[in-house]
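Taking it in order: structure first as structure tokens, then the write-up.
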Amino acid sequence: MSPQTETKAGVGFKAGVNEYKLTYYTPEYETKDTDILAAFRVTPQPGVPPEERGEAVAAESSTGTWTTVWTDGLTSLDRYKGRCYHIEPVPGEEDQFIAYVAYPLDLFEEGSVTNMFTSIVGNVFGFKALRALRLEDLRIPVAYVKTFQGPPHGIQVERDKLNKYGRPLLGCTIKPKLGLSAKNYGRAVYECLRGGLDFTKDDENVNSQPFMRWRDRFLFCAEAIYKSQAETGEIKGHYLNATAGTCEDMMKRAVFARELGVPIVMHDYLTGGFTANTTLAHYCRDNGLLLHIHRAMHAVIDRQKNHGMHFRVLAKALRMSGGDHIHAGTVVGKLEGERDITLGFVDLLRDDYIEKDRSRGIYFTQDWVSLPGVIPVASRGIHVWHMPALTEIFGDDSVLQFGGGTLGHPWGNAPGAVANRVALEACVKARNEGRDLAAEGGEIIREACKWSP
């Protein structure tokens, strides 16, 4: 036995499974301004004390492993470990509690959402001592926020680029989402833009399939944009989906969009991945492209109430990674969305500073300092009769994204777009005149119908 090993054996430690609470449960800890704070909804296995599971979450998502190891002595665990500093019951749930965990900033790579999520949620969700685990919210400290570029441009710069103020923007997803040829697809884009929409959109799963290769789609959509701009005198755009199987192909598509001179591209940020998304966001800022973000796959992560991750966390991550728009639910329409909770993460996307407000699901005060805001997109299952509610709920800094609510008009695509635009302008005008959109919305739309298809 070497002298070094002999010395260690003489002053060694007891091997075996550790009790995490001896190290990672620290209710006396006072959080620092530089800590990343997390709120986890924990559903433990029966008979397991909350403290034991709370500290296990802190351990498994930071420096902990199931036993003491020799190399623990080569670093400072007190400096690097996560700490479960508070536990509270979930009202109305006997077997659940919220565990608050603080992580030292040195655990995370600067400017990397990928690394942040790998650390905080990458492993602990499979922990067998837990029946379920959900990340409800994160507090991102200013020191970490400042390491991110964030959205390529932000709300005000986008409005200046488009020269459109004082109202929500209007969009439409081209349908059917799959099966159209590039030429027919471009025709639908033109008809919608010519009818009065600001944007049209590739559906999230339109990439480069045999029936419509990406380059052909980009060319026909660019033609539709320029033709509609010439005829309306307004700046138009189409969300050209740059999502691809490799980052190299994604960037090739973004470069071609820039060469065509179009104003905006699109990315599926969850299926594409945060590293790809941040790369694309940096390119978009450097090259004057707006970036529309689709959240395809989000419900796999956020729909279950007890397990996964709340969308407000994904929304914060997107603001850090970069995107000028993101789909954010509707409150009305065909997708789920509670009004107060939805408006909570809408404010997290748009505002510079958001106070803690548990009634809206906001567990921590969040200061975004100089990080630009993201425009929330209301989409899926909406139509002109929803316009008063959408205008009231989302306000001006939003995109109201129709699909069947435009293309389903019995007279065709262009009349559907006209109906959308007339309804929006009627609601904005009524709101500015002091009318109550919630009470008078139906009447306002019926009045507008007299002057619209």
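Cβ coordinates come from backbone N, Cα and C, glycine included.
Swiss-Prot annotations:
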MOD_RES   Pro3  N-acetylproline
MOD_RES   Lys14  N6,N6,N6-trimethyllysine
BINDING   Asn123, Thr173, Lys177, Arg295, His327, Ser379  substrate binding site
ACT_SITE  Lys175  active site, proton acceptor
MOD_RES   Lys201  N6-carboxylysine
BINDING   Lys201, Asp203, Glu204  Mg(2+) binding site
ACT_SITE  His294  active site, proton acceptor
SITE      Lys334  site 'Transition state stabilizer'
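The structure, with features from Swiss-Prot marked on it.
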residue : record                       : DSSP class
Asn123  : substrate binding site       : coil
Thr173  : substrate binding site       : strand
Lys201  : N6-carboxylysine             : strand
His294  : active site, proton acceptor : strand
His327  : substrate binding site       : strand
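Cα of Ser379 (substrate binding site) to Cα of Glu204 (Mg(2+) binding site): a distance of 13 Å. Residues Asn123, Thr173, Lys177, Arg295, His327, Ser379 are listed as the substrate binders, and the farthest two of them sit 36 Å apart at their Cα atoms. Other residues of the chain with a Cβ within 8 Å of the Cβ centroid of Lys201, Asp203, Glu204, the Mg(2+) site, are Thr173, Ile174, Lys177, Asp202, Asn205, Val206, Tyr239, Asn241, Met266, His294. Contacts of Lys177 (substrate binding site) defined by a Cβ separation under 8 A and a same-chain sequence distance of 6+ are given as Asp203, Asn205, Val206, in order along the sequence. Look at the Cβ of each of the recorded positions Lys175, Lys201, His294, Arg295 and count the other Cβ atoms within 10 Å; the largest number goes with Lys201. Checked against the residue listed as 'N6-carboxylysine' by C-alpha proximity, the recorded positions Thr173, His294, His327 yield Thr173 as the nearest.
Across the binding-site residues listed here (Asn123, Ser379), the residue whose Cβ sits among the most other Cβ atoms within 10 Å is Ser379.
Comparing Cβ neighbour counts within 10 Å across the binding-site residues Thr173, Asp203, Glu204, His327, the minimum falls on Asp203. Counting in whole angstrom, His327 (substrate binding site) lies 6 from His294 (active site, proton acceptor) by their C-alpha atoms. Close to Glu204 (Mg(2+) binding site), meaning Cα to Cα within 10 A, are the following recorded positions out of Asn123, Lys175, His294, Arg295: His294, Arg295.
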